[in-house]
Amino acid sequence: MSKKSRSKLWFLVHSWLALPIWFFVLIVCVTGTLAVVSQEIVWLANPQMRASPPSDDAPLLSYDEIIAAIKKAEPQTLVERISRPDESHFALDVEVSYPDGRSVTVYVNPYSGVIQGTAPQFNFKGFTRALHGWWLVPFTNGYSWGWYLVSFLGLPMLASLVTGLVVYKRFWKGFLRPTLRFRHGARIFWGDFHRLSGIWSIWFIAVISITSVWFLIKAALYDNQISISTAPVAPVVARESVPLTIDGAPAPMISLERAIHEAKERIPGLEDSSVSLPANAYSHLSVSGRSWYPLIFQSAEVNPYTGDIAATRLLSDRSGLELVTESMRPLHTGDFGGIWIKLIWFFFGLILSMMVLSGLLIWTKRTALATANALKRSNKRPRTVVASQPAMNREATEVSR
Amino acid sequence: MNHVTAEKPRSPLSHFWHTWRFHINVLLLMVPLGFMPKYFADAALFRGDTGLGQREIGEVQVGPWSLRLAEFRNEGPVSDGPAGPIKYFNAALCDSCRDQVKATYLRIGKPRSLRAAGVIFFGTPYRMGAGVPVPEKTKTDAELWITMEGWDGAMHQASIPLSQASPATLAWLNKQGGKP
(Lines of atoms letter the chains of each structure in order from A; the text may use other names.)
(Lines give C-alpha, C1' and ligand atoms only; values in the text may rest on other atoms or scores of the structure.)
Protein backbone atom coordinates (compact mmCIF):
# COMPACT_ATOMS: atom_id res chain seq x y z
CA MET A 1 0.00 0.00 0.00
CA SER A 2 1.36 3.42 -0.87
CA LYS A 3 2.12 5.91 1.85
CA LYS A 4 -0.63 8.16 0.60
CA SER A 5 -3.39 5.61 0.53
CA ARG A 6 -2.33 4.36 3.94
CA SER A 7 -2.78 7.80 5.44
CA LYS A 8 -6.15 7.98 3.73
CA LEU A 9 -7.12 4.77 5.38
CA TRP A 10 -5.99 6.08 8.77
CA PHE A 11 -8.04 9.15 8.16
CA LEU A 12 -11.12 7.16 7.31
CA VAL A 13 -10.69 5.03 10.44
CA HIS A 14 -10.27 8.16 12.54
CA SER A 15 -13.38 9.73 10.98
CA TRP A 16 -15.57 6.77 11.78
CA LEU A 17 -14.31 5.82 15.26
CA ALA A 18 -16.84 7.55 17.47
CA LEU A 19 -19.63 7.08 14.98
CA PRO A 20 -22.35 6.05 14.95
CA ILE A 21 -22.56 6.12 18.72
CA TRP A 22 -21.24 9.66 19.01
CA PHE A 23 -24.10 10.88 21.17
CA PHE A 24 -23.59 8.05 23.64
CA VAL A 25 -19.86 8.84 23.73
CA LEU A 26 -20.65 12.52 24.28
CA ILE A 27 -22.98 11.82 27.21
CA VAL A 28 -20.43 9.47 28.80
CA CYS A 29 -17.80 12.24 28.51
CA VAL A 30 -20.15 14.86 29.96
CA THR A 31 -21.27 12.70 32.89
CA GLY A 32 -17.63 11.81 33.60
CA THR A 33 -16.71 15.48 33.60
CA LEU A 34 -19.54 16.20 36.04
CA ALA A 35 -18.56 13.24 38.22
CA VAL A 36 -15.09 14.72 38.72
CA VAL A 37 -16.53 17.74 40.52
CA SER A 38 -19.72 16.11 41.84
CA GLN A 39 -18.54 16.45 45.43
CA GLU A 40 -17.85 20.15 44.91
CA ILE A 41 -21.24 20.66 43.26
CA VAL A 42 -22.96 19.13 46.28
CA TRP A 43 -20.81 21.36 48.49
CA LEU A 44 -21.99 24.43 46.61
CA ALA A 45 -25.62 23.36 46.73
CA ASN A 46 -25.65 22.15 50.31
CA PRO A 47 -24.36 24.49 53.06
CA GLN A 48 -24.59 21.65 55.60
CA MET A 49 -21.61 20.04 53.93
CA ARG A 50 -19.32 23.01 54.58
CA ALA A 51 -16.88 23.24 57.45
CA SER A 52 -16.43 26.80 58.52
CA PRO A 53 -13.93 27.25 61.35
CA PRO A 54 -15.37 29.33 64.20
CA SER A 55 -12.09 31.29 64.29
CA ASP A 56 -8.86 31.27 62.34
CA ASP A 57 -6.92 29.31 64.91
CA ALA A 58 -9.72 26.94 65.90
CA PRO A 59 -8.30 23.44 66.44
CA LEU A 60 -9.77 20.35 64.82
CA LEU A 61 -11.48 17.95 67.21
CA SER A 62 -10.11 14.44 67.55
CA TYR A 63 -12.25 11.56 66.28
CA ASP A 64 -12.99 10.57 69.89
CA GLU A 65 -14.28 14.07 70.58
CA ILE A 66 -16.40 13.89 67.41
CA ILE A 67 -17.98 10.63 68.60
CA ALA A 68 -18.55 12.08 72.06
CA ALA A 69 -20.24 15.14 70.53
CA ILE A 70 -22.53 12.93 68.41
CA LYS A 71 -23.34 10.74 71.43
CA LYS A 72 -24.27 13.85 73.41
CA ALA A 73 -26.49 15.27 70.68
CA GLU A 74 -28.10 11.97 69.66
CA PRO A 75 -27.49 9.31 72.35
CA GLN A 76 -29.10 6.54 70.29
CA THR A 77 -27.10 7.12 67.11
CA LEU A 78 -24.25 4.69 66.43
CA VAL A 79 -21.18 5.74 64.45
CA GLU A 80 -19.85 3.24 61.90
CA ARG A 81 -17.19 5.22 60.13
CA ILE A 82 -15.66 8.70 60.03
CA SER A 83 -13.94 10.08 56.94
CA ARG A 84 -12.20 13.36 56.50
CA PRO A 85 -12.52 14.59 52.89
CA ASP A 86 -9.36 15.82 51.17
CA GLU A 87 -10.21 19.47 51.26
CA SER A 88 -10.45 21.27 54.58
CA HIS A 89 -13.59 23.20 53.61
CA PHE A 90 -15.60 19.98 53.70
CA ALA A 91 -17.35 18.76 56.85
CA LEU A 92 -16.55 15.26 58.06
CA ASP A 93 -18.57 12.46 56.47
CA VAL A 94 -19.81 10.27 59.28
CA GLU A 95 -21.66 7.06 58.49
CA VAL A 96 -24.19 6.43 61.21
CA SER A 97 -26.86 3.90 62.03
CA TYR A 98 -30.20 5.04 63.47
CA PRO A 99 -32.50 3.04 65.75
CA ASP A 100 -35.12 2.97 62.98
CA GLY A 101 -32.71 0.91 60.88
CA ARG A 102 -31.55 3.60 58.49
CA SER A 103 -27.84 3.88 57.62
CA VAL A 104 -26.98 7.33 56.40
CA THR A 105 -24.10 9.75 56.08
CA VAL A 106 -24.27 12.87 58.23
CA TYR A 107 -22.11 15.96 57.88
CA VAL A 108 -20.30 16.84 61.10
CA ASN A 109 -18.40 20.05 61.71
CA PRO A 110 -14.77 19.07 62.40
CA TYR A 111 -14.26 22.00 64.78
CA SER A 112 -17.41 21.80 66.89
CA GLY A 113 -18.71 18.26 66.43
CA VAL A 114 -22.14 19.65 65.51
CA ILE A 115 -24.19 17.40 63.22
CA GLN A 116 -24.93 19.90 60.47
CA GLY A 117 -27.25 17.74 58.44
CA THR A 118 -27.95 14.46 56.75
CA ALA A 119 -26.76 13.70 53.25
CA PRO A 120 -29.70 14.29 50.90
CA GLN A 121 -31.72 11.28 49.82
CA PHE A 122 -30.73 11.98 46.24
CA ASN A 123 -27.00 11.32 46.21
CA PHE A 124 -25.80 13.47 43.30
CA LYS A 125 -22.22 12.26 43.62
CA GLY A 126 -23.26 8.62 43.65
CA PHE A 127 -25.73 9.15 40.84
CA THR A 128 -23.34 10.84 38.40
CA ARG A 129 -20.70 8.23 39.15
CA ALA A 130 -23.16 5.38 38.61
CA LEU A 131 -24.42 6.94 35.41
CA HIS A 132 -20.92 7.50 34.09
CA GLY A 133 -19.45 4.29 35.44
CA TRP A 134 -22.05 1.67 34.59
CA TRP A 135 -24.89 3.50 32.88
CA LEU A 136 -27.09 2.65 35.92
CA VAL A 137 -27.26 -1.00 34.86
CA PRO A 138 -27.46 -2.95 38.15
CA PHE A 139 -24.74 -5.35 39.25
CA THR A 140 -26.39 -8.73 39.64
CA ASN A 141 -23.88 -11.46 38.86
CA GLY A 142 -20.45 -9.87 38.88
CA TYR A 143 -19.96 -6.69 36.89
CA SER A 144 -22.96 -5.05 35.22
CA TRP A 145 -23.09 -5.04 31.45
CA GLY A 146 -23.34 -1.27 31.64
CA TRP A 147 -19.81 -1.25 33.06
CA TYR A 148 -18.59 -3.19 30.05
CA LEU A 149 -20.51 -0.90 27.70
CA VAL A 150 -18.90 2.26 29.09
CA SER A 151 -15.39 0.96 29.70
CA PHE A 152 -15.29 -0.55 26.22
CA LEU A 153 -15.30 3.02 24.88
CA GLY A 154 -11.70 3.26 26.10
CA LEU A 155 -10.66 1.23 23.06
CA PRO A 156 -12.08 3.48 20.32
CA MET A 157 -10.88 6.48 22.33
CA LEU A 158 -7.33 5.16 22.40
CA ALA A 159 -7.61 4.35 18.69
CA SER A 160 -8.88 7.89 18.03
CA LEU A 161 -5.85 9.30 19.78
CA VAL A 162 -3.42 7.15 17.81
CA THR A 163 -5.06 7.59 14.40
CA GLY A 164 -5.57 11.28 15.11
CA LEU A 165 -1.85 11.76 15.71
CA VAL A 166 -0.99 9.71 12.63
CA VAL A 167 -3.18 11.74 10.27
CA TYR A 168 -2.23 15.06 11.84
CA LYS A 169 1.20 15.22 10.28
CA ARG A 170 3.87 17.00 12.29
CA PHE A 171 1.32 17.67 15.00
CA TRP A 172 4.02 19.00 17.33
CA LYS A 173 4.16 22.10 15.18
CA GLY A 174 0.69 22.89 16.53
CA PHE A 175 2.25 23.49 19.95
CA LEU A 176 4.54 26.17 18.55
CA ARG A 177 2.06 27.78 16.21
CA PRO A 178 -1.43 27.34 17.62
CA THR A 179 -4.06 27.98 14.97
CA LEU A 180 -7.68 28.79 15.62
CA ARG A 181 -9.25 30.57 12.65
CA PHE A 182 -12.53 32.28 13.45
CA ARG A 183 -13.32 34.04 10.20
CA HIS A 184 -13.23 31.19 7.73
CA GLY A 185 -16.52 29.55 8.45
CA ALA A 186 -17.66 26.89 10.89
CA ARG A 187 -15.96 23.98 9.16
CA ILE A 188 -12.48 25.56 9.44
CA PHE A 189 -13.11 26.74 12.99
CA TRP A 190 -14.20 23.32 14.26
CA GLY A 191 -11.33 21.67 12.42
CA ASP A 192 -8.81 24.00 14.06
CA PHE A 193 -10.51 23.57 17.40
CA HIS A 194 -10.46 19.78 17.11
CA ARG A 195 -6.75 19.70 16.28
CA LEU A 196 -5.69 22.33 18.79
CA SER A 197 -7.56 20.83 21.72
CA GLY A 198 -6.49 17.38 20.56
CA ILE A 199 -2.76 18.03 20.81
CA TRP A 200 -3.06 19.80 24.16
CA SER A 201 -5.01 16.90 25.61
CA ILE A 202 -2.86 14.06 24.30
CA TRP A 203 -1.82 13.23 27.87
CA PHE A 204 -5.37 13.45 29.17
CA ILE A 205 -6.92 11.32 26.42
CA ALA A 206 -4.15 8.78 26.97
CA VAL A 207 -4.76 8.70 30.73
CA ILE A 208 -8.54 8.42 30.40
CA SER A 209 -8.54 5.82 27.65
CA ILE A 210 -5.83 3.63 29.17
CA THR A 211 -7.49 3.67 32.59
CA SER A 212 -10.84 2.88 30.92
CA VAL A 213 -9.31 -0.09 29.16
CA TRP A 214 -8.02 -1.19 32.55
CA PHE A 215 -11.59 -0.99 33.94
CA LEU A 216 -12.67 -3.24 31.09
CA ILE A 217 -9.89 -5.72 31.83
CA LYS A 218 -10.59 -5.55 35.55
CA ALA A 219 -14.23 -6.52 35.05
CA ALA A 220 -13.30 -9.32 32.67
CA LEU A 221 -10.75 -10.69 35.17
CA TYR A 222 -13.22 -10.52 38.02
CA ASP A 223 -16.03 -12.15 36.09
CA ASN A 224 -13.73 -14.99 35.12
CA GLN A 225 -12.58 -15.42 38.71
CA ILE A 226 -9.00 -14.42 37.90
CA SER A 227 -7.35 -12.52 40.74
CA ILE A 228 -4.12 -10.56 40.62
CA SER A 229 -4.48 -9.49 44.25
CA THR A 230 -1.80 -10.18 46.83
CA ALA A 231 -4.02 -8.89 49.63
CA PRO A 232 -4.39 -11.46 52.39
CA VAL A 233 -7.80 -12.57 53.65
CA ALA A 234 -8.99 -10.08 56.26
CA PRO A 235 -8.24 -11.48 59.72
CA VAL A 236 -10.78 -11.72 62.52
CA VAL A 237 -10.13 -11.04 66.18
CA ALA A 238 -9.32 -14.36 67.83
CA ARG A 239 -12.09 -15.64 70.10
CA GLU A 240 -9.65 -15.74 73.04
CA SER A 241 -8.71 -12.10 72.78
CA VAL A 242 -12.29 -10.81 73.00
CA PRO A 243 -12.83 -10.39 76.72
CA LEU A 244 -15.81 -11.94 78.52
CA THR A 245 -17.56 -9.60 80.88
CA ILE A 246 -19.11 -10.67 84.17
CA ASP A 247 -22.04 -8.26 83.98
CA GLY A 248 -22.79 -9.10 80.34
CA ALA A 249 -22.08 -5.58 79.13
CA PRO A 250 -19.98 -4.98 75.99
CA ALA A 251 -16.23 -5.22 76.56
CA PRO A 252 -14.51 -1.83 76.67
CA MET A 253 -12.63 -0.77 73.55
CA ILE A 254 -9.55 1.34 73.10
CA SER A 255 -9.96 4.95 72.06
CA LEU A 256 -9.76 5.93 68.40
CA GLU A 257 -6.79 8.16 69.23
CA ARG A 258 -4.94 5.15 70.56
CA ALA A 259 -5.79 3.12 67.43
CA ILE A 260 -4.62 5.96 65.17
CA HIS A 261 -1.46 6.32 67.23
CA GLU A 262 -0.68 2.59 66.87
CA ALA A 263 -1.35 2.73 63.14
CA LYS A 264 0.91 5.75 62.68
CA GLU A 265 3.68 4.10 64.68
CA ARG A 266 3.60 1.23 62.23
CA ILE A 267 3.04 3.25 59.04
CA PRO A 268 5.16 6.41 59.10
CA GLY A 269 3.51 9.38 57.43
CA LEU A 270 0.03 7.82 57.43
CA GLU A 271 -2.82 10.34 57.27
CA ASP A 272 -5.79 9.35 59.41
CA SER A 273 -8.33 10.24 56.74
CA SER A 274 -10.69 7.42 57.57
CA VAL A 275 -11.50 5.35 60.63
CA SER A 276 -13.94 2.44 60.53
CA LEU A 277 -15.28 1.12 63.80
CA PRO A 278 -15.50 -2.65 64.24
CA ALA A 279 -18.51 -4.05 62.38
CA ASN A 280 -19.00 -6.74 65.04
CA ALA A 281 -17.35 -8.05 68.21
CA TYR A 282 -14.79 -10.03 66.23
CA SER A 283 -13.75 -7.44 63.69
CA HIS A 284 -11.05 -4.81 63.80
CA LEU A 285 -10.84 -1.07 63.95
CA SER A 286 -9.50 0.05 60.62
CA VAL A 287 -7.42 3.18 60.08
CA SER A 288 -6.64 4.18 56.50
CA GLY A 289 -5.25 7.08 54.56
CA ARG A 290 -2.58 8.21 52.18
CA SER A 291 1.05 8.82 52.94
CA TRP A 292 3.73 9.98 50.51
CA TYR A 293 2.19 8.33 47.43
CA PRO A 294 -1.04 10.17 46.72
CA LEU A 295 -2.73 7.54 44.57
CA ILE A 296 -3.00 4.63 46.99
CA PHE A 297 -4.36 4.35 50.52
CA GLN A 298 -2.55 2.33 53.17
CA SER A 299 -4.39 0.81 56.07
CA ALA A 300 -3.96 -0.87 59.43
CA GLU A 301 -6.33 -3.24 61.23
CA VAL A 302 -6.16 -2.64 64.96
CA ASN A 303 -7.44 -5.03 67.63
CA PRO A 304 -10.09 -2.89 69.37
CA TYR A 305 -9.51 -4.50 72.79
CA THR A 306 -5.72 -4.62 73.00
CA GLY A 307 -4.53 -2.03 70.48
CA ASP A 308 -2.34 -4.60 68.72
CA ILE A 309 -1.92 -4.17 64.99
CA ALA A 310 -3.43 -7.31 63.48
CA ALA A 311 -2.68 -6.60 59.84
CA THR A 312 -1.48 -3.84 57.59
CA ARG A 313 -1.82 -3.23 53.89
CA LEU A 314 1.14 -1.11 52.84
CA LEU A 315 2.43 0.24 49.57
CA SER A 316 5.38 -2.12 49.95
CA ASP A 317 3.03 -5.12 50.26
CA ARG A 318 1.74 -4.52 46.77
CA SER A 319 3.22 -6.15 43.73
CA GLY A 320 4.49 -3.90 40.92
CA LEU A 321 1.41 -4.83 38.91
CA GLU A 322 -0.88 -3.82 41.78
CA LEU A 323 0.89 -0.48 42.22
CA VAL A 324 0.05 0.22 38.58
CA THR A 325 -3.50 -1.13 38.55
CA GLU A 326 -4.50 0.42 41.89
CA SER A 327 -3.32 3.80 40.62
CA MET A 328 -5.70 3.57 37.68
CA ARG A 329 -8.88 4.71 39.40
CA PRO A 330 -7.52 7.91 40.98
CA LEU A 331 -5.80 8.73 37.70
CA HIS A 332 -9.10 8.33 35.89
CA THR A 333 -11.13 10.43 38.34
CA GLY A 334 -8.50 13.05 39.21
CA ASP A 335 -9.28 12.48 42.87
CA PHE A 336 -5.84 12.44 44.44
CA GLY A 337 -4.60 15.92 45.09
CA GLY A 338 -7.42 18.20 46.09
CA ILE A 339 -9.45 20.75 44.22
CA TRP A 340 -6.83 21.93 41.73
CA ILE A 341 -6.20 18.52 40.23
CA LYS A 342 -9.96 18.03 40.04
CA LEU A 343 -10.37 21.34 38.24
CA ILE A 344 -7.68 20.36 35.71
CA TRP A 345 -9.48 17.05 35.11
CA PHE A 346 -12.79 18.90 34.84
CA PHE A 347 -11.37 21.35 32.30
CA PHE A 348 -9.87 18.66 30.11
CA GLY A 349 -13.06 16.64 30.51
CA LEU A 350 -14.94 19.55 29.01
CA ILE A 351 -12.38 19.80 26.20
CA LEU A 352 -12.72 16.08 25.53
CA SER A 353 -16.52 16.39 25.39
CA MET A 354 -16.10 19.28 22.98
CA MET A 355 -13.79 17.16 20.86
CA VAL A 356 -16.50 14.54 20.45
CA LEU A 357 -18.89 17.30 19.45
CA SER A 358 -16.47 19.09 17.11
CA GLY A 359 -15.48 15.77 15.58
CA LEU A 360 -19.11 15.16 14.77
CA LEU A 361 -19.59 18.65 13.35
CA ILE A 362 -16.60 18.18 11.07
CA TRP A 363 -17.88 14.79 10.06
CA THR A 364 -21.34 16.05 9.14
CA LYS A 365 -19.90 19.04 7.31
CA ARG A 366 -17.26 17.10 5.40
CA THR A 367 -17.56 13.36 5.32
CA ALA A 368 -21.30 13.27 4.83
CA LEU A 369 -21.12 15.92 2.14
CA ALA A 370 -18.21 14.24 0.43
CA THR A 371 -19.92 10.88 0.57
CA ALA A 372 -23.03 12.35 -1.00
CA ASN A 373 -20.95 13.97 -3.74
CA ALA A 374 -19.00 10.83 -4.40
CA LEU A 375 -22.17 8.84 -4.61
CA LYS A 376 -23.54 11.32 -7.12
CA ARG A 377 -20.36 10.98 -9.19
CA SER A 378 -20.23 7.22 -9.00
CA ASN A 379 -23.75 7.33 -10.26
CA LYS A 380 -22.55 8.84 -13.48
CA ARG A 381 -19.34 6.81 -13.71
CA PRO A 382 -20.10 3.52 -12.03
CA ARG A 383 -16.47 2.36 -11.71
CA THR A 384 -14.94 5.31 -9.88
CA VAL A 385 -12.68 5.10 -6.89
CA VAL A 386 -13.87 4.70 -3.34
CA ALA A 387 -16.31 7.30 -2.12
CA SER A 388 -15.19 10.45 -0.31
CA GLN A 389 -11.57 10.22 -1.40
CA PRO A 390 -11.37 13.61 -3.06
CA ALA A 391 -12.46 15.32 0.13
CA MET A 392 -10.05 13.26 2.17
CA ASN A 393 -7.15 14.23 -0.03
CA ARG A 394 -7.88 17.82 0.55
CA GLU A 395 -8.17 17.31 4.26
CA ALA A 396 -4.99 15.28 4.51
CA THR A 397 -2.95 17.97 2.79
CA GLU A 398 -4.59 20.67 4.82
CA VAL A 399 -3.74 18.83 7.98
CA SER A 400 -0.17 18.27 6.97
CA ARG A 401 0.42 21.89 6.20
CA MET B 1 -28.86 6.67 -2.89
CA ASN B 2 -31.59 4.64 -4.52
CA HIS B 3 -29.70 4.53 -7.79
CA VAL B 4 -26.65 3.16 -6.08
CA THR B 5 -28.66 0.45 -4.41
CA ALA B 6 -30.06 -0.44 -7.78
CA GLU B 7 -26.58 -0.81 -9.25
CA LYS B 8 -24.89 -2.58 -6.39
CA PRO B 9 -27.51 -4.44 -4.37
CA ARG B 10 -26.79 -4.39 -0.63
CA SER B 11 -27.37 -7.25 1.70
CA PRO B 12 -30.42 -6.80 3.94
CA LEU B 13 -28.13 -6.62 6.96
CA SER B 14 -26.04 -3.84 5.44
CA HIS B 15 -29.17 -1.98 4.45
CA PHE B 16 -30.59 -2.36 7.94
CA TRP B 17 -27.34 -1.03 9.41
CA HIS B 18 -27.21 1.98 7.11
CA THR B 19 -30.81 2.87 7.82
CA TRP B 20 -30.72 2.47 11.58
CA ARG B 21 -27.09 2.99 12.64
CA PHE B 22 -27.69 6.36 14.34
CA HIS B 23 -30.70 5.12 16.20
CA ILE B 24 -28.39 3.07 18.43
CA ASN B 25 -27.73 6.34 20.26
CA VAL B 26 -31.37 6.62 21.24
CA LEU B 27 -31.45 3.01 22.37
CA LEU B 28 -28.28 3.46 24.42
CA LEU B 29 -29.67 6.59 26.08
CA MET B 30 -32.88 4.77 26.99
CA VAL B 31 -30.88 2.22 29.00
CA PRO B 32 -30.19 4.48 32.03
CA LEU B 33 -33.70 5.90 31.84
CA GLY B 34 -35.08 2.39 32.03
CA PHE B 35 -32.88 1.46 34.98
CA MET B 36 -33.44 4.67 36.92
CA PRO B 37 -36.41 3.44 39.02
CA LYS B 38 -34.42 0.34 39.96
CA TYR B 39 -31.38 2.50 40.81
CA PHE B 40 -33.36 4.70 43.19
CA ALA B 41 -35.21 1.74 44.71
CA ASP B 42 -31.85 0.10 45.41
CA ALA B 43 -30.40 3.29 46.87
CA ALA B 44 -33.38 3.49 49.25
CA LEU B 45 -32.97 -0.19 50.13
CA PHE B 46 -29.29 0.28 50.97
CA ARG B 47 -30.01 3.34 53.09
CA GLY B 48 -32.77 1.47 54.91
CA ASP B 49 -35.43 4.01 53.89
CA THR B 50 -37.75 1.19 52.86
CA GLY B 51 -37.24 -0.93 55.96
CA LEU B 52 -34.90 -3.68 57.04
CA GLY B 53 -35.14 -5.48 53.71
CA GLN B 54 -37.47 -6.19 50.84
CA ARG B 55 -39.40 -8.81 52.79
CA GLU B 56 -39.83 -8.86 56.57
CA ILE B 57 -39.77 -12.35 58.06
CA GLY B 58 -40.79 -11.17 61.52
CA GLU B 59 -39.59 -11.33 65.10
CA VAL B 60 -37.75 -14.51 66.06
CA GLN B 61 -37.36 -15.42 69.73
CA VAL B 62 -33.88 -16.73 70.57
CA GLY B 63 -33.78 -17.76 74.25
CA PRO B 64 -34.23 -14.60 76.32
CA TRP B 65 -33.43 -12.44 73.32
CA SER B 66 -35.11 -11.80 70.01
CA LEU B 67 -34.32 -10.28 66.66
CA ARG B 68 -36.26 -8.95 63.70
CA LEU B 69 -35.25 -10.76 60.54
CA ALA B 70 -35.74 -9.74 56.91
CA GLU B 71 -34.69 -10.88 53.49
CA PHE B 72 -32.47 -8.19 52.00
CA ARG B 73 -33.90 -8.94 48.57
CA ASN B 74 -37.03 -10.94 47.98
CA GLU B 75 -35.25 -13.32 45.65
CA GLY B 76 -33.18 -16.47 45.57
CA PRO B 77 -29.45 -16.68 46.37
CA VAL B 78 -27.02 -14.94 44.02
CA SER B 79 -23.64 -16.16 42.91
CA ASP B 80 -20.85 -13.65 43.02
CA GLY B 81 -17.38 -15.07 42.97
CA PRO B 82 -15.99 -18.42 44.04
CA ALA B 83 -18.06 -18.70 47.25
CA GLY B 84 -21.08 -19.98 45.36
CA PRO B 85 -24.72 -18.92 45.82
CA ILE B 86 -25.24 -16.56 48.77
CA LYS B 87 -28.50 -15.41 50.31
CA TYR B 88 -28.43 -12.12 52.23
CA PHE B 89 -30.49 -11.51 55.35
CA ASN B 90 -30.75 -8.40 57.49
CA ALA B 91 -31.57 -8.26 61.17
CA ALA B 92 -32.18 -5.85 64.04
CA LEU B 93 -31.75 -6.79 67.70
CA CYS B 94 -34.50 -6.25 70.27
CA ASP B 95 -34.23 -3.03 72.31
CA SER B 96 -33.41 -4.79 75.57
CA CYS B 97 -30.76 -7.16 74.19
CA ARG B 98 -28.78 -4.63 72.20
CA ASP B 99 -26.04 -4.33 74.84
CA GLN B 100 -26.05 -7.98 75.87
CA VAL B 101 -25.53 -9.70 72.54
CA LYS B 102 -21.95 -9.98 71.43
CA ALA B 103 -22.50 -11.72 68.13
CA THR B 104 -25.26 -13.23 65.99
CA TYR B 105 -24.79 -16.02 63.46
CA LEU B 106 -26.84 -17.64 60.71
CA ARG B 107 -26.51 -21.11 59.28
CA ILE B 108 -28.60 -23.52 57.24
CA GLY B 109 -28.85 -26.66 59.34
CA LYS B 110 -28.19 -27.04 63.06
CA PRO B 111 -24.66 -25.96 64.10
CA ARG B 112 -22.67 -28.57 66.00
CA SER B 113 -20.94 -25.98 68.19
CA LEU B 114 -20.55 -22.25 68.69
CA ARG B 115 -17.40 -22.36 66.58
CA ALA B 116 -19.44 -23.66 63.65
CA ALA B 117 -22.35 -21.30 64.18
CA GLY B 118 -22.23 -20.12 60.58
CA VAL B 119 -21.78 -16.67 59.15
CA ILE B 120 -21.55 -13.72 61.52
CA PHE B 121 -23.69 -10.62 61.17
CA PHE B 122 -21.91 -7.35 60.33
CA GLY B 123 -23.28 -3.93 61.18
CA THR B 124 -24.94 -2.30 64.15
CA PRO B 125 -27.65 -3.78 66.38
CA TYR B 126 -30.12 -1.50 64.55
CA ARG B 127 -29.35 -2.99 61.18
CA MET B 128 -26.92 -5.75 60.40
CA GLY B 129 -26.47 -8.12 57.53
CA ALA B 130 -25.15 -11.60 56.83
CA GLY B 131 -24.75 -13.62 53.65
CA VAL B 132 -25.49 -17.32 54.08
CA PRO B 133 -24.01 -19.76 51.57
CA VAL B 134 -26.82 -21.92 50.16
CA PRO B 135 -25.50 -25.11 48.55
CA GLU B 136 -27.53 -26.07 45.51
CA LYS B 137 -28.35 -29.44 47.01
CA THR B 138 -29.90 -27.99 50.17
CA LYS B 139 -33.05 -29.92 51.11
CA THR B 140 -36.27 -27.98 50.83
CA ASP B 141 -37.22 -28.86 54.40
CA ALA B 142 -33.98 -27.33 55.71
CA GLU B 143 -34.01 -24.91 58.62
CA LEU B 144 -32.33 -21.57 59.13
CA TRP B 145 -30.54 -21.56 62.50
CA ILE B 146 -29.88 -18.42 64.45
CA THR B 147 -27.17 -18.51 67.12
CA MET B 148 -26.69 -15.62 69.53
CA GLU B 149 -23.76 -15.23 71.85
CA GLY B 150 -23.77 -12.96 74.90
CA TRP B 151 -20.93 -10.84 76.25
CA ASP B 152 -21.10 -13.02 79.39
CA GLY B 153 -20.50 -16.19 77.35
CA ALA B 154 -24.15 -17.33 77.20
CA MET B 155 -25.35 -18.95 73.97
CA HIS B 156 -28.88 -19.30 72.65
CA GLN B 157 -30.23 -20.83 69.48
CA ALA B 158 -33.45 -20.91 67.52
CA SER B 159 -34.50 -22.03 64.07
CA ILE B 160 -37.17 -21.29 61.52
CA PRO B 161 -38.03 -23.32 58.43
CA LEU B 162 -36.24 -22.07 55.33
CA SER B 163 -39.63 -22.01 53.62
CA GLN B 164 -40.69 -19.36 56.12
CA ALA B 165 -37.39 -17.48 56.06
CA SER B 166 -37.26 -17.20 52.30
CA PRO B 167 -39.92 -18.61 49.97
CA ALA B 168 -37.85 -17.25 47.07
CA THR B 169 -34.88 -19.39 48.11
CA LEU B 170 -37.14 -22.43 48.27
CA ALA B 171 -38.41 -21.71 44.78
CA TRP B 172 -34.80 -21.32 43.66
CA LEU B 173 -33.89 -24.70 45.24
CA ASN B 174 -36.81 -26.37 43.52
CA LYS B 175 -35.62 -24.96 40.22
CA GLN B 176 -32.08 -26.28 40.89
CA GLY B 177 -33.62 -29.70 41.61
CA GLY B 178 -32.96 -30.93 38.10
CA LYS B 179 -29.22 -30.40 38.46
CA PRO B 180 -27.02 -33.19 39.81
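Heads up, the Cβ atoms here are built off N, Cα and C, so glycines get one too.
The region 'Disordered' annotation in TrEMBL falls on one of the ranges A:45-65, A:381-401, namely A:381-401. Helix, strand and coil counts under DSSP for the domain 'PepSY' (A:61-117) come to 11 helix, 22 strand, 24 coil. Taking Cβ pairs closer than 8 Å, the transmembrane segment (A:145-168) reaches residues 7, 10-11, 13-14, 17-18, 25, 28, 132-137, 139, 174, 195, 198-199, 202, 205-206, 208-216, 219, 396, 399 in its own chain, all 6 or more past its ends. Averaged across the domain 'PepSY' (A:61-117), pLDDT in this predicted model comes to 96.
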